[in-house]
Amino acid sequence: MALSFCGNDRGSNAYSVDKGVLDNGCFVDALNLVPHVFLLFITFPILFIGWGSQSSKVQIHHNTWLHFPGHSLRWILTFTLLFVHVCEIAEGIVSNTWSNHLHLFMPALMGFIAATTSVVYYHNIETANFPKLLLALFIYWILAFITKMIKLWKFADASLGVQHLRFCITALLVVLYGLLMAVEINVIRVRKYVFFANPQKVKPAEDLQDLGVRFLQPFVNLLSKSTYWWMNPLIIGAHKRPIELKKIGKLPIAMRALTNYMRLKDSYEEQRDPDKSPSIWKSMYRAFGGSILLSSTLRYMADLLGFAGPLCISGITANMTFGVYFMSSTELLQNTSVLAVLLFLALVLQRTFLQASYYVTIETGINLRGALLAMIYNKILRLSTSNMSMGEMTLSQINNLVAIETNQLMWFLFLCPNLWAMPVQIIMGVILLYYLLGDSALIGAGVILLLAPVQYLIATKLADTQKSTLDYSTDRLKKTTEILKGIKLLKLYAWENIFCDRVEETRGKELTSLKTFALYTSMSSMRGSSLHHINLSTLSDINIRIPTGQLTMIVGQVELTHLPTSCQKYFDDSPPMESKTDKRRYSVAYAAQKSWLLNATVEENITFGSPFNKQRYKAVIDACSLQPDIDLLPFGDQTEIGERGINLSGGQRQRICVARALYQNTNIVFLDDPFSALDIHLSDHLMQEGILKFLQDDKRTVVLVTHKLQYLIHADWIIAMKDGSVLREGTLKDIQTHDVELYEHWKTLMNRQDQELEKETEMESQTTLERKTLRRAFYSREAKSQTDDEDEEEEVEEDDDDNMSTTTSRRSKIPWKMCCRYLSSGGFLMVFLMVLSKLAKHSVMVAIDYWLAAWTSSNPHNQSLWSSLGVLQHRSYVPVFIILCGAAIALCLITSLTVEFLGVAAATNLHHNLLNKIIHAPIRFFDVTPLGQILNRFSADTNIIDQHIPQTLESLTRSTLLCLSAIGVIAFVTPAFLIALVPLTVAFYFIQKYFRVASKDLQDLDDSTQLPLLCYFSETAEGLTTIRAFRHEARFKQRMLELTDTNNTAYLFLSAANRWLEVRTDYLGAVIVLTAAVAAIWTSSQSGLVGLGLTYALTVTNYLNWVVRNLSDLEVQMAAVKKVNSFLSTESENYEGSMDVSQVPKDWPQHGEIKIQDLCVRYDTMLKPVLKHINAYINPGQKVGICGRTGSGKSSLSLAFFNMVDVFEGKIVIDGIDICKLPLQTLRSRLSIILQDPVLFSGSIRLNLDPECTCTDDRLWEALEIAQLKNMVKALPGGLDAVVTEGGENFSVGQRQLFCLARAFVRKSSILIMDEATASIDMATENILQKVVMTAFADRTVVTIAHRVHTILTADLVIVMKRGSIMEYGKPEILMEQEDSLFASFVKADM
């Protein structure tokens, strides 16, 4: 049949204008074509020539634009216009059943093309910022409005009304064209680009002028906003080159932490009322309520559109009457083809609104988190240091607030729209079901109501279980951290297994909690403790005078925390600096007793925000003897140090802190015990060059707290303290005159020779050892990284060429090897059960749906279900349906449980193996592996393995099987669908391929930017006193805001990438639904099966993006398994030995006789020997002193007694047994040692003295009495069971060392090694220690590694070492008589 614009009906007067031109309907439709043709004729040349894009008058760096007024409204109206045109086309085609009347739908088709062209044209004009060209659109809207008005007028003349669809469509078009005309008039009014003499000049927003802003979501047009089109270059580009921080740039101003902090703070301050405190909830609502309302509105629209899908499917299956179907204008919705298109459009709109709702919520959540982090940080900076030291606010609480609580509030916002969307969904669902099924729907609604309390109960239990899991996890991590920090002591005392069992016990509780969680989760799928803090010392009644420009020293006993308390009190109370005229006035520099470093370079730690002055910097470096240490670092003073950087020793950290205080150009300098971690040579150098020369030359006021009484002679003013109050103050001469007893006491402690004598001997210091340790650590790390590089090179060589495509393919590969490693850890039986139950469950689900479809198809439309025939058919279908439903419920539970228990089994095995590998690794491993790296395996990685991987695995398998079963069902119902499946699969493959690579990069960026942010909070809390002393709060706030913004940028890009994927997979799902619907209509299948196929097609839309998301998540999460697996290859110490435990006498070593025969020792097979052919004999009960310059091998010899180092030649024989043959557990459990750094574990005093629980209370009290701690412990609440906080922080350093002495006494070993045990304590505590060793350990062999040579003058035997060999060996008196002996020179230097 030939086509004709006005139709080719025989005998019709289609072209007749006898009654007037406008009374001919076909002519009026032709008239409606004119504006569309005009627009296309005008705009196409401009668009193709691209004249508009080259005439930009405002240069904007982004491919974005200055929005014209009414920008978003224009886009919404245009989209609505397009939708109405589609309806007009559909109405025209469906109405055109008798003959080919092109005028019924052709103008509408041209209108659709013109509307599309208008928005493309507008986009280009806006990008070019050339508004004059909008005049063409203005003319178009006027012409279209006039022509449509004529058509509407003629319809009204012909007595057509709202009951006719064509009248309604025309009226809608008139309204839309009128509104678009109004938008255009508004642009002319504001921008004055035409009809006005002076056009309005517009400056682009600050964000658009900033080259760094790359997050364009707020600036792009509505189409790009809703489809995330602006993300395309980033996501596709990630396939060629990894996404870096530089690529994602900065956030727009409105999204920055500072902006949102000010919004939240203002809302908070507005509520200030003397009667009640402000509510954070109200503040959040006031600051971010608008965004939450927008998100909820979008969500409601999406949910309401969600019901269009089932209604359209119902319409399609109800009107499956094929052939010519004649319809009136009100019956458009009974046409199956129209319904198929409507179903497609409803799905596209629904998913667009849903993703927009998600995005708005996530953006609001991130903005809230940024604001809360800034508020918390401000509060931390205002905290009193006593809050921290007294445990009112602990580091773990701060970390918890920052890492968990703020994220939970952010997630609360994410889930907010669900809270009010759920009831609406349920109510609408019930109404719809009632409309379709009648009273049966109410029974279903009743079941939902009955199950609601059960679901609530399960949710409550889940929350409780999750909380207890978190508590156990925190406790486990705390215990693991303590083990790793005190690993040397645990190995030396053979306590590693005891403490390992403590961790395993907590881990057991954590896993039980996880299993309970799994059980509740499966059921669902079926449908703070108080701390006792001990405050040992406070300051009272302090009134002191510190003279300006002079050196004041504060001295006292070890039990007092004299300066930290007074100094912190000073910093807490002192107001911020207000004087801008003299920056040095009241300015303070401070070096804390506990060294505090930033996670920054050495240079940044020293300059600490002050301008860099090369000459001053070098002078400070020399004064603190830091140059040799800096030379050892891989990048010199540009090497990053701190928690995440290089592990420096205590002395090195202390000197950097002192250098920081010296470098600052301030008039007051507080130095809190700067010599505690330094040996005598460094102390003297720092005193002479740093304090007396560098600071005193500047006439700066110096307050120095120290235990080194020999420096009192340099003090201009002395303050002596005792029991928290001032005992005496004045010059040294005043005290000598007025307090003879105190002066005599000091004199005995500081009797030493002239400085010149020490310079002659130039005895080496412990610093040399620190430097050797540092060098050794780098040597090992370099060797380790070289082998890693070699492995990577081998992997690269396996590929033929290392071009861009191979890199890309390697980055887009799924880590199957790690997946297999994880599944094998869970056990093959569990894997088999999981696969089997999953397949069975989905097969049964498909069977249920198929059975329902067959059941409904068997029941003719006109036959009542309750007729005699209907009842018979009904009875035959019901039993099978009930059996299938029962099987599905059971399989749901089994499937969920198998996945969760597989996860628990894998988590159990991986953690157990990791803990055992780490705890039994040689001590060398801990020297070369940063503590933070090991802790990450036990915290972040274990958390991922415990809680994230099982959920991702379950979700991935479920969504994959759902998609596969859906495609299978659609193909079964309409085989023609398989033809369309090929291009859809190709599109899906490329979408997931590009997304996975970009998502992995963005997830890595999110993780890598989150760690510095979390560390920064704990870093600030630890260095609060220093920050406050230096008055650097503003600088630290600014840095925190930068870190927060960087992390938020990564997170926003990640969420935008997720939306990018979901929008595309959703649209792909909508195409699948459209294809399935069209295929079903054309192939005329059974209505029940068509409904089944389309219902399954709808599920594909939901689950397609989850397949990709879960695949991407699993890929990232498997990195945790890879990291844990890399530690599982660590070699363990040889615990077995060649001798059986039964062969070792129970009381060995009973005498304490030690024979060292030709002993050669090294730390690693790759390193040189540290001890060379050592020979020595120690009699039972002898007191032996070992001294020598640092690096001479003293400490290495002490470790050799415990077989902690590689003895590759010679042997040590104790009481007739070669220690190398003994099992390590036996050897180490029979000897005792007191280390230089006192180590205490959190728990009780009893646990610290006797973790094996083998001693009586009397024995423990005896040990405490010997260590002179009995009275102090008795005064504590709980006595022996009194609380010891983490690291023993509630005791002073001296007290901790005395506890270590008591611990050594408890063991009753006949051999005691003291490895520089008095190095970090004051003279008074050292005297107690020496006295105890001489009396309580009188009958035992004591080997003392001497830090101060005078401590071994009373020894029976002295061994002097140099470069790993014994140089002198004999009684101290004899060696003292030999004037040229090394020992004599050491004694002279130490007098």
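Heads up, the Cβ atoms here are built off N, Cα and C, so glycines get one too.
According to TrEMBL, the feature transmembrane segment maps to 33-52 (among others).
Within its own chain, the transmembrane segment (73-95) has Cβ neighbours under 8 Å at 104-106, 108-109, 111-112, 115-116, 118-119, 122, 165-166, 169, 172-173, 176-177, 179-180, 183, 221-223, 327, 329, 332, 335, 337-338, 341, 345, counting only residues six or more beyond its boundaries. The transmembrane segment annotation in TrEMBL covers 73-95 (among others).
Below 8 angstroms of C-beta separation, residues 3-7, 14, 25-26, 29-30, 32-33, 35-37, 39-40, 43-44, 46-47, 75, 78, 81-82, 85-86, 88-89, 91-93, 95, 133, 136-137, 140, 144, 173, 223 of the same chain, each at least six residues beyond the ends of the transmembrane segment (101-121), sit close to that stretch. Sequence annotations record features per position, and here TrEMBL assigns transmembrane segment to 101-121 (among others).
Taken from TrEMBL, the feature transmembrane segment covers 133-152 (among others).
Annotation source TrEMBL lists transmembrane segment at 164-183 (among others).
Taken from TrEMBL, the feature domain 'ABC transmembrane type-1' covers 302-531 (among others).
If you look up TrEMBL, you'll see 304-326 (among others) marked as transmembrane segment.
Among the features that TrEMBL reports, transmembrane segment is placed at 332-349 (among others).
Residues or ranges marked as transmembrane segment in TrEMBL: 409-435 (among others).
According to TrEMBL, the feature transmembrane segment maps to 441-459 (among others).
Among the features that TrEMBL reports, domain 'ABC transporter' is placed at 514-748 (among others).
Residues or ranges marked as region 'Disordered' by TrEMBL: 781-808.
Here TrEMBL flags 788-803 as compositional bias 'Acidic residues'.
Here TrEMBL flags 832-1115 (among others) as domain 'ABC transmembrane type-1'.
Annotation source TrEMBL lists transmembrane segment at 877-907 (among others).
According to TrEMBL, the feature transmembrane segment maps to 961-991 (among others).
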(message) Should anything in the same chain at least six residues away from the transmembrane segment (961-991) have a Cβ under 8 Å from its Cβ atoms, list it; otherwise answer none.
(response) 838-839, 842, 845-846, 849-850, 1061, 1064-1065, 1068, 1071-1072, 1075-1076, 1079-1080, 1082-1083, 1085, 1089-1090, 1092-1093, 1096-1097, 1099-1100, 1103-1104, 1107-1108
(message) Need one number: mean pLDDT over the domain 'ABC transporter' (1154-1388).
(response) 80
(request) Could you pull out which residues elsewhere in the chain have a CB under 8 Å from any CB of the transmembrane segment (164-183), counting only those six or more residues past its ends? (result) 69-70, 73-74, 77-78, 80-81, 84-85, 87-88, 91, 95, 111, 138, 141-142, 144-145, 148-149, 151-152, 155-156, 329-330, 332
